[in-house]
Amino acid sequence: MRSPIFTVLLIGCICFLTGFSPFSDQNTVEEIAPVTFLAVKQGEEKGSLTVATLVPPIMNEEKQFFSTKVRLLEQGRRQFNFKYYREIRFGQLRMLFIDEQIAKTGIVNLMDTLLTDPEVSPRLFLIVFKGDFEAYTKNQMQKQKDLDYYLYRMFKHYEKENQGEIAVTNIHEFMEKTHTPYSDPYMPVFNVDKNCFSYEGTGFFSNGKLKGQTDKEQDQFFLLLSKSKFLKNVIIEPLDLSLGEVHAIVKKQVNLKDHTVVLKIQYRGRIDEYRGSKDLNSQADFYELTDEIKDYLEEGTVSLLKTFQELGVDPLEIGRQTLTPVSKSMSAEDWLTFWKSAKIKVDCSIELEPLTI
Amino acid sequence: MGDYKLFDKTAEFGNGFIIAFVHQSQLLYFVLFLPKMLQQSYLLFGILAVGILSQINLFILSKSMSYMDSKQGYNGFAKLFGHRNLRIIAFAGIAVILIKLCFIVLGYAEIVHQFIFPSMQPSWLFLFIMLICTYIASQGMEKTLRFGIIAFFCTFWMILLYIPYFVPPGADVLDLYPLIPAGRDEHPWKGMLMIWSSLSGPEYIILALPWINPKQKALTYLSIANGISVFLYIVLFMACLFFFGTPYLGKISYPVLNMIRYLQTPVFERIEIVMISMQMFQYVFLASFLLLSLYGAIRISACSVHKETGRKGLYGVSFFVLVCLFLIDQFFGRQGKELNGWTNLQLWSGTLTYLLIPSLLLVANIRRRRRSSH
C-alpha cells in the first residue's frame with residue numbers, strides 16, 4: 001500500500017545523502033566567515049567605495065584586516081572571497097561603519113542593498129565615522145582579540161531601552177525615518193584614529209544625506225529630547241554641576257497661525273556633583289541654582305533647535321504634531337519651509353532632588 | 001486496492017472544524033502583502049466595511065447550506081442542478097480550483113524562496129510541496145480535513161508575534177493619521193477588492209458538506225471565524241502602519257513577514273524562518289483539500305463518479321498540477337512579484353467565486369423548493 005510514498009522518500013534520502021541536493025548554499029562552519037561589520041569609505045575616484053572588514057570573526061586564528069576598492073558593496077564581498085580561503089557571509093553582520101564623506105553624498109542605495117539580503121538583520125547598527133578606521137583596527141586588534149564583538153556589545157548596550165548616552169540607530173529606523181515625512185534619521189558619529197574610537201555626537205540626515213552634527217554639549221539636549229528621553233548624566237560645565245538620572249517629559253506643539261513651535265519640557269533629576277560656590281543647604285541658594293539650571297537647559301535646547309532649523313532637519317519629529325485625524329496633512333516641503341523660519345519657544349521646568357549624602 | 005476510498009465518510013466533524021477551515025482559508029497568501037496594497041490608514045475602515053459585506057455573504061452561504069441535505073453529497077447537488085448542469089458547473093470549477101491551488105503553492109514557494117532559500121530553484125519547492133500535498137490527499141478527504149485542525153493550531157498563535165509592534169514608542173497613534181481620506185486622487189477600489197478576495201475561501205466549505213453538519217448553528221461558527229479574520233486583518237494592517245509608516249510600507253515586499261525579521265530573541269535570531277515553516281501546515285492543508293476537490297471535479301465532469309476512486313487518478317491529477325505550476329512559473333515569472341497578471345487572475349477569480357457561489361446556491365435551492373411545492 002505505502003510502497004510509492006516509501007520509494008519516493010527513499011530516493012529523496014539517497015539524493016540528499018549523496019550530495020545531490022537543490023540547495024546551493026553550504027553552511028559548513030569551517031568554510032564560511034560570517035563577518036560582523038563592514039566599514040565603507042569613499043574611494044579615490046568618484047562613485048567608488050572602499051570596503052573593509054575583519055576576518056575571521058570567531059575562529060581561534062590570527063585576525064586579518066581586509067580592505068578593497070570597489071564600485072558596489074556586493075563586489076566587496078566577492079573581492080574578499082578571492083583573497084581569503086573562507087567564504088564571507090553577511091548573516092551575522094551587526095554594524096555598518098560609514099565614512100563621513102560618503103554619508104554626505106547619500107547612503108540610501110547602500111541601505112537598500114543590505115536590506116535586500118534576507119540574511120542581513122534590519123537591526124544592523126549604523127555608525128558614522130571620521131578618520132582612519134583601518135589604522136585603528138590594525139592597531140587595536142593587536143591588543144584586543146575580539147575587537148569587533150566588543151564594539152557590537154557597546155552598541156547593543158546603548159540600544160536597550162532607556163540607556164541614553166549614545167543615540168544608537170539601526171537600518172530599519174533609518175529607512176523608516178528617511179521615507180516618512182516630518183521625520184529625519186540620525187546616527188552616532190565617532191572619531192577614529194590610530195589609538196582611539198571615541199564618541200563625538202549625533203549626526204543628522206535628510207534625504208539620506210548627512211547634513212551636520214551636534215557637539216558633545218548639544219548632544220545632551222538632543223538625547224534628552226529624542227527617543228529615550230533619559231540621560232544618566234548631564235554635565236553643566238558653566239555651573240560646575242552634574243545632574244544625574246535625568247528624565248524628560250516633552251510636549252511639542254506646532255502653532256501654524258502664530259508661526260511658532262512650542263516645546264514644554266519637564267525635567268526631573270538630582271544633583272549628583274557640585275563644585276561651585278553656592279551653599280546647597282541654603283534654601284535661597286538652591287532656588288537660585290535651580291533657576292540657573294533651568295535657564296541653561298532652555299538656552300541649550302533653543303540653540304539645538306536653531307541648529308536643526310539651519311540644517312533643515314527635523315529629527316525630533318516636531319512636524320508630526322501637525323497631523324490630525326481629519327484634515328489633510330501639509331506636504332513635507334511645506335513643513336520644511338515652515339520649520340526653517342518658525343519662531344521657537346522653549347519652556348522648561350525642572351524638579352530637582354538636592355545633593356544628599 | 002479494492003477498499004481504497006478517497007471520499008469515504010466515517011465520522012462527522014464538530015463545529016470547531018468550520019472555524020478552523022474558514023479561518024485558514026481567509027488568512028492566505030494575499031494577507032501577506034495586503035497592507036502594502038492598502039497603504040493608506042483610512043482603509044482600516046475599508047477592512048471593516050468589507051468584513052461586514054463578507055458577513056452578509058456568509059449569512060447567505062449558511063442559509064443555502066441549511067437547505068441542502070448534507071448527507072447526500074454528490075447526489076444532493078445532482079438533484080439540485082441536474083446531472084448535466086452539474087457536470088458543466090464542475091467543469092468550470094476545475095479551472096477555478098486549479099487557479100486557486102496553483103496560486104497557493106506558487107505563493108508559498110515564492111515566500112520560501114525569498115526569505116529562506118534565496119539560492120534555491122523555486123521549481124524544487126513546487127515539487128516538495130506537491131509531494132507533501134499528494135501524500136496528505138492520498139489519505140482521503142476525511143483525514144485531510146482532520147489535518148486542518150492541526151494546521152489551525154500550528155498557525156493561530158502567530159498573531160501573538162505582532163504584539164511587540166503595538167508597544168510605544170514604536171507605535172504612535174500619529175502613524176495612523178489622517179484617518180479620513182484627504183485627496184480624491186487615490187484609488188481605494190483595488191485595495192477593497194483585494195480585501196474581499198483575500199476574505200474569499202469559505203465558499204469551498206460546501207465541498208466538505210458531507211463531513212460537517214451545517215444544520216446546527218453553522219452561521220454562528222462562520223461568523224466567529226469571519227470576525228476573527230477581520231480582526232486579524234486590522235491587527236496586521238495596524239502593526240504594519242506602526243512599524244513602517246505609510247510611505248515606506250509601499251516599498252516593502254511582504255510587509256507582514258518582513259517586519260517579523262525585526263524581532264529578536266536571545267535563543268535564535270531569524271524568527272521569520274520558524275514562522276514561515278509553520279505556515280506550511282496551513283498552505284499544505286488547503287492545497288491538499290483543493291487537490292482532492294480538483295480530483296473530484298474532474299471525476300464529475302468526466303462522468304465517472306460511480307467508479308471507484310484510485311490512487312493512480314489522484315497521482316495523475318497532482319502531476320497535472322505540477323506541470324501547470326511549472327508552466328505558470330515560466331509564463332508569469334518574469335512579470336515581477338506580487339501584483340502581476342497571475343495574481344490579478346486569482347484576485348478576480350476569488351472575488352467572483354466568493355460573490356457568486358453562495359447566492360447561486362441559494363437561488364437554486366429556492367427554485368427547487370418552489371418546484372417541489374407546486
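Any Cβ shown, glycine's included, is placed from N, Cα and C.
Taking Cβ pairs closer than 8 Å, the transmembrane segment (B:12-35) reaches residues 103-104, 107-108, 111, 145-146, 148-149, 151-152, 155-156, 191, 194-195, 197-202, 204-205, 208, 211-214, 216-218, 220-222, 224-226, 228-229, 232-233, 236-237, 240-241, 249, 253-257, 282-283, 285-286, 338, 347, 350 in its own chain, all 6 or more past its ends. Taken from TrEMBL, the feature transmembrane segment covers B:12-35 (among others).
Annotation comment: TrEMBL describes B:41-61 (among others) as transmembrane segment.
According to TrEMBL, the transmembrane segment annotation covers B:88-109 (among others). Long-range contacts of the transmembrane segment (B:88-109) within its own chain (CB-CB distance under 8 A, at least 6 residues past either end) are made by residues 28-29, 32, 81, 122, 125-126, 129-130, 133, 279-280, 283, 286-287, 290-291, 293-294, 296-298, 300-301, 321, 324-325, 328-329, 342-343, 345-346, 349-350, 353.
What TrEMBL lists as transmembrane segment is B:115-137 (among others). For the transmembrane segment (B:115-137), the list of distant contacts is 6, 105-106, 108-109, 143-144, 147, 254, 257, 272-273, 276-277, 280, 283-285, 287-289, 291-292, 295, 314-315, 318, 321-322, 325-326, 329: same-chain residues at least six beyond its ends, Cβ to Cβ under 8 Å.
Sequence-distant contacts of the transmembrane segment (B:149-167) (same chain, at least 6 residues past either end, Cβ-Cβ under 8 Å): 16-17, 19-20, 23-24, 27, 232, 235-236, 238-239, 242-243, 259-260, 263, 271, 275, 278-279, 281-282, 284-285. The feature transmembrane segment is assigned by TrEMBL to B:149-167 (among others).
Packing against the transmembrane segment (B:193-212) from elsewhere in the chain are residues 9, 11-13, 15, 17-18, 21-22, 24-26, 28, 30-31, 34, 37-38, 46-47, 50-51, 53-54, 58, 61, 65, 68, 70-73, 76, 141-142, 145, 218, 222, 225-226, 229-230, 233, 286, 289-290, 293, 296, 346-348, 350-351, 353-355, 357-358, 361: each is 6 or more residues past its ends and has a CB under 8 Å from a CB in it. Here TrEMBL flags B:193-212 (among others) as transmembrane segment.
Same-chain residues lying 6 or more positions outside the transmembrane segment (B:219-244) and placing a CB less than 8 Å from one of its CB atoms are 15-16, 18-23, 26-27, 31, 34-36, 38, 41, 43-44, 47-48, 51, 54-55, 58-59, 61-63, 159, 162, 165-166, 170-172, 175-176, 195, 198-199, 202, 252, 255-256, 259, 262. Residues annotated as transmembrane segment in TrEMBL: B:219-244 (among others).
According to TrEMBL, the feature transmembrane segment maps to B:280-302 (among others).
Same-chain neighbours of the transmembrane segment (B:314-333): 6, 98, 101-102, 105-106, 122-123, 126-127, 130, 133-134, 137-138, 291-292, 294-295, 298, 340-342, counting only residues six or more beyond its ends whose CB sits under 8 Å from a CB of the stretch. The transmembrane segment feature in TrEMBL is assigned to B:314-333 (among others).
Beyond the ends of the transmembrane segment (B:345-364), by six or more residues, the same chain brings 30, 54, 57-58, 60-61, 63-65, 67-68, 80-81, 96, 99-100, 103, 193-194, 196-203, 206 to within a C-beta distance below 8 angstroms of the stretch. The transmembrane segment annotation in TrEMBL covers B:345-364 (among others).
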